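Colleague: Structure in structure tokens, see below.
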Amino acid sequence: MSLNLAFEKQVAIAAVRRACVLTASVFNNLVKNETLTKEDASPVTVGDFSAQAVINTILNRAFPDDPIVGEEDAADLRAESGAALRKRIVELANATLTAKLEVEEKEEWGLGPNYSQTTEQLLDIIDRGNYGGGRTGRMWTLDPIDGTKGFLRGEQYAVCLSLIVDAQVELGVIGCPNLPSDPSNPSGPRGNIFVAVRGQGAYQLPLHDPLSSPGTRLAIPAFTPENLNLLESVEKAHAKLSFNDRVAELLGVTRPPTRMDSQAKYAALSRGDGGVYLRMPTGVGYREKIWDHAPGSLIVEEAGGVVTDSRGERLDFGLGRTLGENFGVVAAGKQTHAKVLEAVKKALAEEKGQ
Ligand SMILES: Nc1ncnc2c1ncn2[C@@H]1O[C@H](COP(=O)(O)O)[C@@H](O)[C@H]1OP(=O)(O)O
Ligand SMILES: [Mg+2]
Ligand SMILES: [Mg+2]
Ligand SMILES: [Mg+2]
């Protein structure tokens with residue numbers, strides 16, 4: 001049975017939209033113009049912390065009892081050495097929170113000109129993201145900037161928020177400020193929000209139009225080997241790309257992979273802009289974090305896809321802040337997924353035989 005999460009969805013979209021405006025301005029002011037000196041913090045750190053402060057403020061006001069599993073914590077900001085960074089983050093978070101209300105937003109969420117926060121309040125609110133996760137109850141997951149390397153390159157990154165209830169993702173929202181609205185027109189308008197509520201479908205909305213809900217419904221198309229391609233990380237340290245090449249070969253894929261940073265890969269897959277998202281561990285013991293997969297996996301499922309690990313098992317969001325032992329991620333449309341899983345198992349067996 002689908003939960004009625006209309007209010008949660010409205011709040012989550014508004015929170016992600018505000019954070020996307022913030023991160024885009026950090027990029028334009030601090031990254032592109034290189035106004036941060038070497039002694040200053042990295043722009044991505046400024047963006048991460050202030051975006052988490054903004055989203056946590058809104059969640060805390062709208063859902064005061066809900067815990068949040070967020071990527072960042074304020075320990076470094078509280079240190080004496082964090083003074084310059086702290087000042088920048090407070091300025092940026094307050095500028096974002098006090099901006100005028102959009103039609104779908106409410107003052108009760110701590111938004112608008114009357115809601116400037118103190119430094120202490122903002123540090124505490126960043127630390128509202130320190131929940132350890134678990135199997136029962138409601139919790140939000142937040143990655144304020146996912147794909148930090150892509151963010152710095154001016155390429156893909158994502159602001160990622162989800163609501164998990166009893167270890168099942170029920171709501172997912174991903175903001176992709178740099179993703180083209182129409183994949184067939186890559187130089188056309190950019191900036192989209194992807195949203196899904198379990199049982200209610202997945203949708204794409206333009207980032208800059210707060211009245212655009214519900215948006216365009218997404219459905220993963222069927223693929224043949226000729227038009228199939230893989231979505232994968234840009235960063236070699238994040239996934240085993242040589243393994244992907246072997247799987248593509250086994251599947252008879254001839255198109256080159258699409259390399260893209262962040263959970264924008266799940267968004268791209270959900271609209272058929274790439275047929276498989278394959279992310280196998282590099283073997284260094286890295287554990288995937290729940291905030292890196294929760295919203296994306298629901299959006300793909302609601303677009304008609306299947307998301308499992310390399311054993312064919314569902315991702316387990318009830319183990320804490322991570323997904324536990326890393327068996328990789330295989331995401332694709334229903335028909336494609338079964339074939340990809342078979343190829344993945346074959347490639348794994350080949351590796352073992354070597
Ligand atoms: N060693 C690693 N292996 C896999 N993923 C990693 C590793 N280090 C960081 N990440 C995370 O991988 C995700 C990006 O993957 P991709 O390269 O596919 O876009 C990010 O969430 C990034 O964290 P962060 O959110 O801090 O950028
Ligand atoms: Mg991330
Ligand atoms: Mg991040
Ligand atoms: Mg990070």
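Any Cβ shown, glycine's included, is placed from N, Cα and C.
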Colleague: Say TrEMBL lists D143, I145, D146, D292 as binding Mg(2+): which of E8, E71 is in the same site, per that record?
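Modeller: The candidate from E8, E71 that TrEMBL ties to Mg(2+) along with D143, I145, D146, D292 is E71.
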Colleague: Report the member of E71, D146, D292 (the binding-site residues) whose C-beta atom has the most other C-beta atoms within 10 angstroms.
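Modeller: When each Cβ's neighbours within 10 Å are tallied, D146 leads.
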Colleague: Should we count any of the binding-site residues D143, I145, D146, D292 as near ligand 2, judged by a CB under 6 A from one of its atoms, and which?
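Modeller: Within range of ligand 2: D143, D146, D292.
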Colleague: Determine, from DSSP, whether E71 (Mg(2+) binding site) sits in helix, strand or coil.
Modeller: coil
Colleague: Output the one of D143, I145 that, of all these binding-site residues, has the highest number of other Cβ atoms within 10 Å of its Cβ.
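Modeller: Result of the Cβ crowding comparison: D143.
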Colleague: Note the Cβ centroid of E71, D143, I145, D146, D292, the recorded Mg(2+) site, then list each other residue of that chain whose Cβ lies within 8 Å of it, in sequence.
Modeller: L142, P144, G147, T148, A158, C160, S262, Q263, K289, W291
Colleague: Using CB under 6 Å from any atom of ligand 3, narrow the binding-site residues D143, I145, D146, D292 to the ones that qualify.
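Modeller: Only D143, I145, D146 qualify.
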